[in-house]
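The structure appears below as structure tokens.
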Amino acid sequence: MSYPDRLTLAGERANPSAGGQMGEEEEEEIRYRLTLIGSLPVHHLTTMAMLPWVVAEIGRSQPGERELGGVAWDPLSHTVLFECRPHRVTKLIHNSQEPSSFGCLVRDTHHCACYVFQCRDCTKVSVISTTTTSAAPTTVVSPTAFAKKFEVLFCGRVSVAHKNAPPALIDECIEKFGQSHVSGVGGKGGSGGGLVGGLRRVLTFQSNESPPTGKRPILFKRDPSFPCLQALDENGLSPEISNAKTGDTNTHTSGVQPTSLQENRTMLFTVGRSQIFLVSPDTKKVAIEKSFREISFCSQGIRHVDHFGFICRETVEGGSCHFVCYVFQCTDESLVDEIMLTLKQAFSVAALQQSAKTQSQQCDSCPMQQLHRLCERIEGRKLSPGLLYSSGKSEKLISFPDFNKARPKNDQEENELVMASLRNLYEERQRSHQHTQPGDSKRVMQAHTHRCTHTLTHMGDSCLEAGRVCGSPVGGGGGVDVSLRVLPEERKRKSKEELRELWRKAILQQILLLRMEKENQKLQASESNLQNRRLKLDYEEITPCLKEVTLVWEKMLGTPGRAKIKFDTETIHAAVAQGVPRHHRGEIWKFLSEQYLLRQTVPSRPPANHAPYKELLKQLTSQQHAILIDLGRTFPTHPYFQAQLGAGQLSLYNLLKAYSLLDPEVGYCQGLSFIAGVLLLHMGEEDAFNMLKFLMYDMGLRKQYRPDMIILQIQMYQLSRLLHDYHRDLYSHLEQQEIGPSLYATPWFLTAFASHFPLGFVARVFDMLFLQGAEVIFKVALSLLGSHKPLILQHDSLESIVDFIKTTLPNLGLVQMEKTINQVCEMDVSKQLQAYEVEYHVLQDELLDTPTTLNQSQRAAQLERTNQSLRQQNLDLLEELQVSHARVCSLESQVEVLVQSEGRLREQASALEEEKRQLQSTVTHLHDILTSLGIHISLDAHPLTHTPPPDRHTVTAAAKVEGKEVAGNGTAATVPHPPACPEDS
């Protein structure tokens with residue numbers, strides 16, 4: 001299936017029973033693998049209340065009976081099973097009983113048919129429904145009508161006994177949730193007994209209770225075990241819920257299901273044209289989807305005014321339905337009031353549109369209108385004779401011949417057959433029906449009331465009799481009853497060994513299937529990640545990175561313990577100037593931030609809120625309206641951020657929301673979404689949050705986003721002074737036209753050129769921003785204006801100059817972009833920027849000191865502004881003082897460490913000197929001993945070497961000459977073992 005151009009379901013020639021498969025791949029299409037269950041032509045006045053019965057009838061039909069548009073499908077002559085434009089799909093229906101199937105009502109000029117499809121992935125059904133609805137254009141209401149979004153906290157759900165409840169219901173539900181959390185039911189250990197322990201299990205509660213795929217309980221029957229309307233307490237809760245004990249987990253499971261406090265419970269509550277969506281920014285999926293028809297009650301808490309909820313109908317196993325109340329929390333009461341007002345307006349507009357569609361086509365006496373009212377009356381209830389009335393002009397009984405062939409096995413199938421026959425009857429009567437005028441409607445209704453005095457009690461009896469014809473005894477000869485039954489086929493019993501072998505084979509196949517399923521999921525996740533990464537990096541690079549430069553980056557990125565190693569600054573600057581590989585850009589930005597922090601001698605002021613990113617996402621933000629409005633304005637043409645509430649927009653919302661909670665002073669400001677968007681295109685959410693925090697706090701960008709925006713005014717003055725110094729003629733030309741930098745350069749500073757310039761150029765600006773700091777924006781602005789100075793001087797009006805700077809200037813060529821980046825690498829304006837900032841403050845002080853002829857109110861306003869400016873300057877100076885004080889403390893600690901190190905070195909030197917004196921004394925003593933023995937050696941001579949011991953005569957002769965040389969030997973006499981030193985020596 002593909003859209004938005006068309007919806008197509010193509011068949012396989014080789015295996016026609018395989019259902020639907022995609023056709024040829026085309027541009028801008030989304031594909032899903034679907035199986036066509038069947039189709040059925042219906043009347044063009046068919047409503048949503050009739051569709052469940054039509055879908056059930058299609059599901060009962062055999063494959064051989066299925067037709068497409070009244071023509072049997074031949075796989076040899078047809079290659080396309082189904083094809084239509086999205087705007088032809090007027091109604092879509094799917095329920096939780098069969099999460100993988102959905103039906104659609106397709107209207108053409110002359111025909112109307114209902115198609116039923118089945119999707120292999122049940123999670124894609126809601127996506128198909130949403131995308132098909134958004135792809136279909138409408139002439140009545142714009143697609144963005146009532147598409148309002150609010151951030152809420154999903155508290156939980158409670159089963160109630162009826163569709164309406166008193167206002168105290170919300171407060172009662174909150175108390176039940178509190179009791180559940182206190183008893184540990186809603187925590188981590190609350191999964192026992194089937195109770196939903198976390199948000200994920202609450203959201204998948206419907207799918208966990210869905211029956212097998214083969215059953216189609218379209219008719220919702222009242223569960224006899226469910227509490228009746230008469231057995232309610234004063235808050236509208238059933239007695240089983242109200243009297244549930246906290247320790248009784250099984251009793252609590254059936255009604256109260258709070259969400260887990262450990263999970264991210266925040267949701268985006270979206271009110272559409274005819275549906276309510278709850279989108280989870282954490283999982284990037286639609287968690288809850290309810291149409292206006294399913295919602296019967298909305299209310300706000302009385303004591304808990306920041307809470308609200310709604311009651312809707314849901315189905316459970318066996319075809320019965322019950323009512324569930326969903327409870328949510330908002331940031332304050334005003335947001336709840338806005339949500340309730342939006343819901344009221346959406347319900348009213350939807351009702352008016354529905355009535356306007358049907359008013360021109362129907363009258364009160366139309367048979368199809370009567371069938372619609374009948375379907376609404378019996379919805380969620382079992383058919384009984386008291387509910388069905390004969391609508392014909394004659395009072396004869398209605399026969400149902402399908403009972404003889406279908407042989408219904410249970411009440412469900414019997415009800416479906418009854419409704420199928422009634423639908424055919426009413427459609428036949430509608431063809432010959434003549435509409436009445438509005439003035440005649442009262443008279444016609446009175447006459448019709450008199451005619452419809454007989455109920456279908458006899459019809460129910462005839463239905464039962466028709467059922468007995470197929471399976472009941474019939475009269476036979478001799479008074480013997482003959483039962484019509486099918487004899488079961490005799491099957492040969494298998495031996496124990498055969499059964500054991502079959503079990504072993506089934507288990508092995510199941511294990512293999514599970515392994516293959518896991519591997520398939522891993523491959524799909526990997527493919528999805530790669531596709532998502534390619535989608536993010538879908539921009540043109542202006543500086544191609546050579547292979548040698550890529551190897552340099554990979555070597556630096558792969559260095560062990562790189563966060564604590566200072567790399568050579570010139571090497572990093574040269575690598576950034578030569579280019580940054582696009583697929584490593586996010587990791588390189590983190591590397592550059594680490595190097596910046598290592599070289600930063602003065603620590604920056606950390607944020608006051610130290611909560612991690614995951615914890616910030618669990619909270620509600622008061623800046624949600626501003627953030628949600630700017631989601632669609634941030635990179636609207638980029639495919640990653642294009643889908644409304646898609647993965648890109650939800651990730652961007654998470655990032656901006658987390659920072660608004662981290663920095664309450666700044667909160668959210670226009671322009672931050674582009675900074676966060678560029679970071680998200682190159683890294684994950686949490687890494688992007690850390691890099692955003694680095695840019696805002698360590699790089700100092702947060703000052704320009706503060707509510708007073710004084711720093712932004714200083715930046716505009718600094719840019720003006722740079723133009724005056726570097727491009728005097730351009731500065732004079734702009735001043736002559738009274739064009740200040742604030743008219744064109746404000747988005748450059750607030751978005752780092754991301755709002756107007758190509759993404760490849762913006763990525764290079766961010767490369768330099770992480771390398772050199774916030775002054776890069778001044779360099780880029782100065783280089784852009786200087787390189788286009790001749791073209792700007794040709795314009796001689798304010799409008800043409802501003803239009804050229806805003807529209808023509810961003811459309812740079814690749815050569816001009818690369819030239820600009822190269823100029824930025826060579827420029828250094830840090831000293832000028834500091835001097836211009838001091839100059840700005842001096843000029844402001846002089847302006848305040850000049851006498852003015854102002855009245856008292858103007859003077860008071862000026863003093864108030866002056867006071868505010870001084871207060872802000874005082875805060876800035878206080879911040880600088882704190883930074884200086886931190887630097888002094890750091891230096892003092894370093895001095896203390898150095899003093900301690902010096903003391904230890906002095907002690908080591910003294911010890912070495914003492915050891916040296918002892919060694920010198922020992923050497924002198926040994927020299928004296930050797931001298932006393934007649935061995936003369938100088939203190940600076942080499943150590944003596946041992947020689948072989950001489951014979952006894954030699955020793956005697958040596959003793960006589962007392963150390964003189966022996967004439968024949970010519971060698972010095974040595975004593976191999978000198979005598980021991982006397983004790984007194």
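Backbone N, Cα and C atoms are what each Cβ position is placed from, and that goes for glycine too.
A quick note: this is a predicted structure, and the numbers were derived from the prediction, not measured.
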From 84-105, 524-545, 964-985, the residue range that TrEMBL assigns the feature region 'Disordered': 964-985
Residues flagged as region 'Disordered' in TrEMBL, choosing from 1-25, 251-275, 601-625, 851-875: 1-25
Secondary structure content, the domain 'PID' (271-350) (per DSSP, counts of residues): 21 helix, 38 strand, 21 coil
Arithmetic mean of per-residue pLDDT over the domain 'Rab-GAP TBC' (579-773): 92
